[in-house]
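Colleague: I'd like to ask you about the structure that follows.
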Amino acid sequence: MGALDGKRVLIMGVANERSIAWGCAKAMADAGAELAFTYQSEMMLKRVEPLAQSVGSDILIPADVSDDASMDAAFVALQEKWDRLDCVVHAIAFSDKNELTGRIIDTSRENFRNSLSISCYSLIDVSKRASQMMTEGGTILTMTYQGSNKVTPFYNVMGVAKAALESAVRYLANDLGPDGIRVNAISPGPMKTLAGAAIGGARKTFKFTERNAPLRANATLEAIGATAVYLASDGGACTSGEILHVDGGFHVLGMPQVDNIQG
Ligand code: NAD
């Protein structure tokens, strides 16, 4: 018996085998879930298709979260395949990488709008659409980062977007709770993904958190995936509106480990 036997899960945000969405997909498939995938563009399909096939899924649907027509079509296509949905994994974010190297004070209006729309509004939009298919209750999961409430090098407007995302998680949890739908965010530490690499100083941040986290380790795709399984399973039945850190404990620190302080 798998913890997710019989559950239907929509995975949004696989770009390649390093994607956090893929870590979730693999763990959820191993736990017995049936999966459908969305992909952002035809270019992504080449990577996503073999991954989907490897977990027995042939439901691959294009969906650009910044485009209402694309989202309309995606959920029509999903409804043609499935009459019910139990879980969505929303692992999507975007910001212009040129604005993830300098100072937040230089953020352009256009990139602010895009970053917040793709990285935060999309969760609200997806939740509305997905919840209409969650006729037996369900779980909505998103991915955040602690740059939402602590200043982290070059995270800039993404920090603002993640703060908004975490707030949206709480409001959505309250709206959808009466329908038996839980809404939670996982907050992984830095990961070596395409989106992660777009942030200035990514390698240094990765090494710093690895050296200083209480567990002296960064997150793994396996641990993030297992957390997604837990939250989507009956074990997570009483958890909603939560931001669950999967970061080796890094978020509790006020200072680096003493051996790593120079001077
Ligand atoms: P990734 O690059 O593998 O995934 C990002 C995904 O967002 C891609 O699949 C991309 O296609 C999708 N996306 C971007 N714009 C889109 C749009 N308009 N429509 C549809 N899809 C779109 O990187 P990842 O690190 O796996 O990112 C997944 C989530 O995890 C993001 O929300 C990210 O902020 C979050 N996160 C990442 C880290 C990290 O260090 N990598 C840490 C904490 C949280």
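Backbone N, Cα and C define each Cβ position, glycine as well.
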Colleague: Same NAD(+) site as G13, S19, I20, Q40, D64, V65, K162 according to TrEMBL: which of I92, I140, I186?
Modeller: I92
Colleague: Using a 10 Å cut-off on Cβ-Cβ distances across all protein chains shown, tell me which of the active-site residues (Y145, Y155) has the largest neighbour count.
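Modeller: Buried the deepest by this measure is Y145.
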Colleague: Of V65, I92, Y155, which recorded positions come close to ligand 1, meaning Cβ under 6 Å from one of its atoms?
Modeller: V65, I92
Colleague: Looking only at G13, S19, I20, Q40, D64, V65, I92, K162, the residues listed as binding NAD(+), what is the longest Cα to Cα distance in Å?
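Modeller: Max span of the NAD(+) binding residues, Cα based, is 20 Å.
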Colleague: Roughly how many Å lie between the Cα atoms of Y155 (active site, proton acceptor) and Y145 (active site, proton acceptor), rounded to a whole value?
Modeller: 10
Colleague: If you count other CB atoms within 10 A of each CB, which of I20, V65, I92 wins among these binding-site residues?
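Modeller: Going through I20, V65, I92 one by one, the largest Cβ count within 10 Å is at I20.
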Colleague: Express the distance between the Cα positions of I20 (NAD(+) binding site) and Y145 (active site, proton acceptor) as a whole number of Å.
Modeller: 12
